[in-house]
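Look at TrEMBL and you will find B:20-40, B:52-71, B:101-125, B:171-191, B:224-244, B:264-289, B:301-320 tagged as transmembrane segment.
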Amino acid sequence: MKKTTTMVIALLLAMTMVLGVFAGCSSSQPAADTPPASADAPADDAAPADDAAAAQSETRSGPCKEGPYKVGMSCNALSISFWVQQNQEFISEAEKLKAEGVISEYYTTNANHDVAKQISDIKDLMTKGCDIILIDAASSTALVPVVEECFEKGIRVASFDNFVDTENQTTIIKQDEEEFGRLGAQFIADAIGGKGKICILNATAGVTSNEYRRKGAESVFSQYPDIEILAEANGDCDYAKGKGIVESYVSAFEEIDAIWSQGGAMTQAAIDVFNSVGRPLVPMSGEGNNGFLRAWKENAEKGFSSVAPVISTATPRVALNACIADLQGTEAEPIIQMELGVITQENIDDYYDPELPDSYWCETDLTKEELKELYSK
Amino acid sequence: MKIKSACNYIFKDKYFQNRYGNVMLIYAFLLALIVAASLFDENFLTVGNFKNLLLTSFPLLMVAFAQGMIIFTGGIDLSLGATVALSNVACVLLMNPDSPVGFVLPIFGGLGVGLCCGIANGVIISKAKIPPIITTTATTAIYEGAALLLMNEPGGKIHRPFAKFLTGDVFHIPVALFLLILIFLFVRTLTNYTPYGKALRAIGGNESAAYSTGVKVDRIKIKVYILGSLLAAVAGIFLSAQMFSADPRLGKQYSMNAVTASVVGGILLTGAVGDLMGTVAGVFIISVINNMLNLIGVSSYYQFVFQGLILIVVLSLPAIKEKRAMN
């Protein structure tokens, strides 16, 4: 027993040393590394110090506070390139603000789609003493209690992408998911003259953005009684899953006039399936990621047409700056609506970047160098 | 001196070492992990942090107890996570936030869902003789689909006083702790000190031999799947109180996390061997690792690598101990 205990202690010591090294490699840095607190060095979009002084000492979210601030970002997952790029936007903005002395430390956590883990992650960020917590939620409702707990304690909380469904947070960064669905559906309806047989590729069942996009599309399709929906399935915005679904569609239905899709990778898969079975391409709606845009451009000669609403990955930057401004006395809007980009045949070259891989998302505030570094990893 | 000699008597006793040696080792590891975490971050050793750990670990503890009991029979239930989600959805849909007793029907509703899921799993596995891994993979799809049919996106309302009671304190002690102790005492007594528990392990050791000695294999297996699903339903009900809502996609991670916790806690996947006392440590090791890595500030990209490495270390401890004993 004694030997075993010695063995456990030895293992733990070794582990502790390794952890120490990796903790040093992590995104967080000790406050001592940063310049001293300075109200004169706010973020670009944050309220200037003079304004902060003139502004109220308390906002809807709680008492104001001088920096530097501790910031945490709780990610739903980092399993697809959109979330990785979104996380990189946060890191990029946090590094910039840290160099300016507005932020002292920042942390990111990854729940890997596990709601219980995300609740625990957010509580850990609270325990760490974060002044600001940014959230891309694994569940829009399950995180409500923990977000409200943060808000009651005066922590500035903002959610985006899959946002938390409560008013008791500093701000919600929204991009109109219903409009996303409407745009694609209207394009399809116009392209087939309001009449025809269509198939649908949904994102992930049970996810709020999936339901909003589908609702937006339905509001258009319901106006066209001659549009018949042959089938719909959840492809989870994944190329492989989308390909499997479209393969079954083309086997089952001799006539498909259009495909309405919620994800660029799934539309890219649909194009590949139609080409591989030798069917003429039909109008398909897409999404603003580089892989789909490449497939669109390559097939434009064959008469392929599409429209691609584009969700920005820069939402954490907006959320972070709104929370900092709120802490400095400039109250954040409860909802910040970001404009939804739309890629059409006319402006596709403004978005498509042949130097970046298929997994790159085209609406971003990251520089070309940052993107190249991110996608070279 | 008396205490020291008593400790020596207990810890050096061969029977004690054989029976509890691995469990003690796992608890020693958990303790060492807690010490390491508290050295790294002063926020770790706080009452608030331990309460958070308990509340976030509670649902996994329930599912891990369920999985542990099923593994004793040599089986596995991959549908426990989906049962958590389905009972969570059923509980919230039945909730009447405006009535003072609006939480009673949802509790029975959630448990009823668990009961049905358990009966379905148990009957298919024991009567149709379809292997547990195949049966429960299929029923996972059914239960997940049913949860999505009932509620196609997260939502619903909960009886707030009930939720606050379940996740709150009584005499400064979390209600979840009382519940945990009660349920733990029940399942551990059942699996360690009753004829039913012995029969579970006998089936896990050698099903044919157990049958030939008169053990009612089918009935015992059906009961263990029912009990397992009921525990998953308790997790689902607790989660509805913790989240003030339901989420049909909630349970995906629980089944496999529960298998991990059981194995970390010393339960052999081949069946028969193990102790649910180790499972408690297994769940807390997983939770403490996650908590510790967050508090230390290890980058999210490295966290899963570390979790894996630490789990490999803890899983290899009993093997190292056995090898040393043989030498």
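A Cβ is built for glycine as well, from the same backbone N, Cα and C atoms used for every other residue.
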Leading stretch by Cβ pairs under 8 Å, where the reference is the transmembrane segment (B:264-289) and the options are B:20-40, B:171-191, B:224-244: B:20-40
Intrachain neighbours beyond the transmembrane segment (B:20-40), with Cβ under 8 angstroms and 6 or more residues off its ends: 11, 264-266, 275, 277-278, 281-282, 284-285, 288-289, 291-292, 295-296, 310, 313-314, 317-318, 321
Tertiary contacts of the transmembrane segment (B:171-191) (same chain, 6+ residues out, Cβ under 8 Å): 51, 54-55, 58, 61-62, 65, 68-69, 72, 165, 197, 200-201, 227, 231, 234, 238, 275-277, 280
Outside the transmembrane segment (B:224-244), six or more residues from its ends: residues with CB under 8 Å to it: 55, 58-60, 62-63, 65-67, 69-70, 72-73, 75, 77, 80-81, 83-92, 95, 106-107, 110-111, 113-115, 117-119, 121-122, 125, 156-158, 160, 162-163, 166-167, 176, 179, 183, 187, 200, 250-251, 254
Beyond the flanks of the transmembrane segment (B:52-71) by at least 6 residues, Cβ under 8 Å: 77, 80-81, 84, 132, 167, 174, 176-177, 179-180, 183-184, 187, 190-191, 200, 204, 224-225, 227-229, 231-232, 234-236, 238-239, 242, 254-255, 257-259, 261-262, 265, 267-269, 271, 274, 276, 279-280, 282-284, 286-288, 291
